[in-house]
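The structure appears below as structure tokens.
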Amino acid sequence: MCPPEQPAKAMAPSKSNQAAKSAVPTKEEKSADLVMATNNSSIVSKRSVEMLYYPEPHFFCHFVKKPQRRAPLINRGYWLRMHAMEESVRRFMRESPDKPKFVLNLGCGFDPLPFILLSADRSLCSQTTFVDIDYEKLMLNKKAALREAGALTQILEDVEFGPDESAVQIRSGQYVAVGCDLKNLDKLDRVLRAEVLPAECAVLFLAEVSLTYMDVKSANAVVSWASRLSNDAQFCILEQYFPDGPSHPFAATMMEHFGKLGAPLHSIHEFPSLSDQERRFTEAGWTHAHARSLWDLWSDDEFVPAVLRTSLDSIESFDEWEEFALFASHYFLLHASTRPGTKGSKSAAATADVGPSRQAVTRSNEFRLIPNTSLPTGQRRFGALVPGGEAVIGIHSGWGRQTRVADTDVYKTSKDNIDSHARFPSSNDISARLCHTITAFSDDGDCLLVGGRTSPASALQDTWVRKNNVWQAGSSLPLARFRHCATRVTLGSDRSSGSVLIYGGKTSDGTTLDTWLLWNDNGEGWSSVTVRTMNDAPAPKARFGACLASIDSTNGLLFGGIGPDGTILEDFWTWKLYEEADGSLCMELTDQTGSLRNIALGFDILPRFGATVSSTAQGLVVSGGIIPRRVVPFDGEILLLDSATLLDCIKNGLPLTTPILSTIGLDAGFTGPRPLLVGHVSHAISTDQVLLLGGGAVCFSFGTFWTRGTWMLCPVGERAVNDWALVCENVEKPTKAKAAAQIPAKTKKQKASKKYKPEKYKSTTKVTPIRRVTVESADEFQQILEDAQPVIIESADIGPCTELWTKEYLVNTVGSDRKVIVHAAETETMSFRTKNFKYESKTFGTFMDEVHAGGRQYLRSISEKQPAKLPANLAADFPSLSSDFRLPEALKTVVENAHSSPLRISGPVTLWLHYDVMANVLCQIQGEKRLILYPPSDVPHLDVPAGASSSNINVFQNRADGAIALIPHTSPHEARLKRGDILFIPPLWLHTAAPTGKVSVAVNVFFRNLSQGYALGRDVYGNRDVQAYEKGRKDLEKLVKSFSGLPPDMARFYLLRLADELQETAEQ
């Protein structure tokens, strides 16, 4: 039974080990602590999986005191990791029990794998002893947890706890815990041979993402030593690898993440591929080694039975398939053995390391992929492409930076004005969605929007039709669906207009569909299509996310998609649509899978999920998506299908006998930033050019990657220029304009005529000093976050910047000629309300001279490259300074969730009182600074206008004598920062700052302390109010307007009553 939840997220250090904290840790100890810290995040994620997917009893709860429910992607990824390790151990234990078995978990962390297996199947474990091995420090903590967990000791039976100085910390009949650094192999070997292992035994080594944190030499030593510990040894290692090189967007994001954590991956560089990993083991004394990606294992019915895969969807709705595949394709499970004659399955090189360039016909030298990444670009994925006319297209809805969006990003090639409101869906009418389709059905650009979803459990049934540039609701689908596929077809003699054929998809309850429907522009709505297959073959399996394309008006092809069992289907069909004599619709399908396999080299990279298909004069261009068993390789990202040959086979009822598949890839000479063609859209902008837009993915827990810019595929011989660029984001936002138009003219005039007169307050010196603390662990800082009170963290290591960043050093390092934008104030107090300052562009050297001479100037750095789009980032904007500044390890949550890190340099000038929605830490580097802070509860008394975040009050109106404004009903707090201090400012605490002497230099790091709820869209400064407040203000406008039909006194009466009710609710 699990203990009650505690405030801490993961285990705190044992008391016996806390004394070690007072000593200054060595470099190796710091490195070990960073590696052990990765275990904390891992077990929290595994606990999330356990809560949802595992039956009672639960075991991670004894090590994770405060559970968190992770996102479905994280849950499924960790479920697969856990299943891979558990299944590997089960297979080992099922082998003939002619000798004792030992499972040695190298770098076990707090993973309770032995307890899970012993509890689930005691008889299977009867001949097995589990041995957990990790750092001494970690195993002391694990021992302390077991002492307190009666449920765990009852499973082990006859548990003995060793003294802290002993290598064997815990011993029972089937479980041993050993504290030993894996780099100390002499000690580990001695302990295992003398105290744990008998002379004859079978040993299975486990290493789940543990050896990769060691330097390569030390990790290789472990692999080699393990092969000699027993004459009957096996090794199962689960780690990251580069299936398509380190430049793949997922790989690059993953590596950057671990680098930021201070726990970089090492072995991956020495052994990047599966074949390299197999060689690593065979050269270290292992007789056989076989590696497979987790994505490959996911599709293996023997390793993950189909019934088990499908059961996961009944527990938690899931639709992050592309992102799951990317994760699973970058992790491998390798099984090695010292037994002679061990048989492995097909080598890794044959299943996952061979790129299509060695298998399929390539035409990469015939095409160019031209990026345009220099101009602003939208960020959305899983939207739908909307044709907008000549040289104009849009991406409608989909997933934006933080949530679903209902508007349209518009792209064009010229600077001509466009009537976006007429051509693109209105966010006022059509709700936000993703995984929907928009299909043109006429030469005039008329199109049909179909279905989609909000969440995977909420499919949409509506349709919308654009005719003559007007969008109107259409006939609802017979059944709501998303991830369906759609294409234009034309039946009858009128070729200028047509119909839309849709197939497959998924419903709200998770049912995968196999139905064909036809929508016709004749007012009749949807018609079902009867399916007939040639040669009495079975009909295609139900699927979603498939590729459906027309070759001409009534013939086309279908392939790929994911079936009901959660794997990508590897079939290929051609189809012919026709009308029977009675007017009914019929679809004739031919299974071309067998013939295509026989003639098409590289067929394994053709089955796709989430790919796009565009028709060109060259053939059908297939781009992106995911494929079975491995990641889509660089030279297989874009494929070309011979549509002429396909059409000839369909019309003549013949099987395929000549190759139709060739690869284009990302261009043989391509050297730019690689796009991630997932969740993207594509469009044939001419007969031989295809434009790729949008896309990106959540790269597991490592961060989000967005494909930047526009990408145009064209033949090599063309003199093409990619000048497609984003016109504007969120083109459909008329709500504010309409609201403004509805304000009476008199009200506008009255508001404009008001003159701001600052109120004079009495003075006071009574302030509450902010507490000073030292923070030595992440747990201590987490407690500070939970307390939500400002503190000054002193004696922290923020790098050599506190000594180095003199005026001369900064000018020389940043560059005297570097252009910066500064606030130049008219007085010593800047006011955001009266704007008594101006923005000036000048060189950094000039600014530093002037500010050190007493100039009333203030620099708050902004993004150097895209100041209107990206938040400030010290490392990116001032790379020459980045190595001088760092946050202490205890504040790693700030680093992991950082939003921005502006550099602040100020002279004798005071910033206005304001609040920030995000939490932040202000690191004082040079000079001293005085800040006055007010708790969020004081905001009604601080003259902060509705919808604004800045106050109109000058708190330092009597700064000369150290007094501040005496504002009734407020509780001012004071922070006096000196060099090296870190001030933690919780969200919504209003604050203002003034230097107390010479020039002040500081770095602010804003970070997200909420998992959701921030404002939608761009937030460069991190101070936009939360989404609920912004929406609430809009709702308030509607509420006030609803009383417009009443006499003013009655409206006021009821509005005040509502205000009282709202205040009562807020104060509960």
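Each residue, glycine too, has its Cβ placed from N, Cα and C.
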### Summary
S-adenosyl-L-methionine binding in Swiss-Prot involves G107, D134, D181, L182, E208; of R70, R76, R81, the partner in that site is R81
### Message
region 'Disordered' per Swiss-Prot: which of the ranges 1-31, 745-775 is that?
### Response
1-31
### Residues that sit under 8 angstroms from E208 (S-adenosyl-L-methionine binding site) by C-beta distance, when 6+ apart in the chain
R81, M85, N105, G107, D111, I237, L238
### Query
Which site among D134, D181 has the most other CB atoms no more than 10 Å from its CB, taking these as binding-site residues?
D134
### Message
Please compute the mean pLDDT of the model over the domain 'JmjC' (876-1024).
### Response
87
### Message
Counting across all protein chains present, how many other Cβ atoms fall within 10 Å of the Cβ of L182 (S-adenosyl-L-methionine binding site)?
### Response
21
### Query
According to DSSP, which of helix, strand or coil covers R81 (S-adenosyl-L-methionine binding site)?
helix
### Task
Run through the domain 'JmjC' (876-1024) and tell me, per DSSP, how many residues are helix, strand and coil.
23 helix, 50 strand, 76 coil
### Summary
Widest Cα pair spacing in Å over the listed S-adenosyl-L-methionine contacts R81, G107, D134, D181, L182, E208 is 24
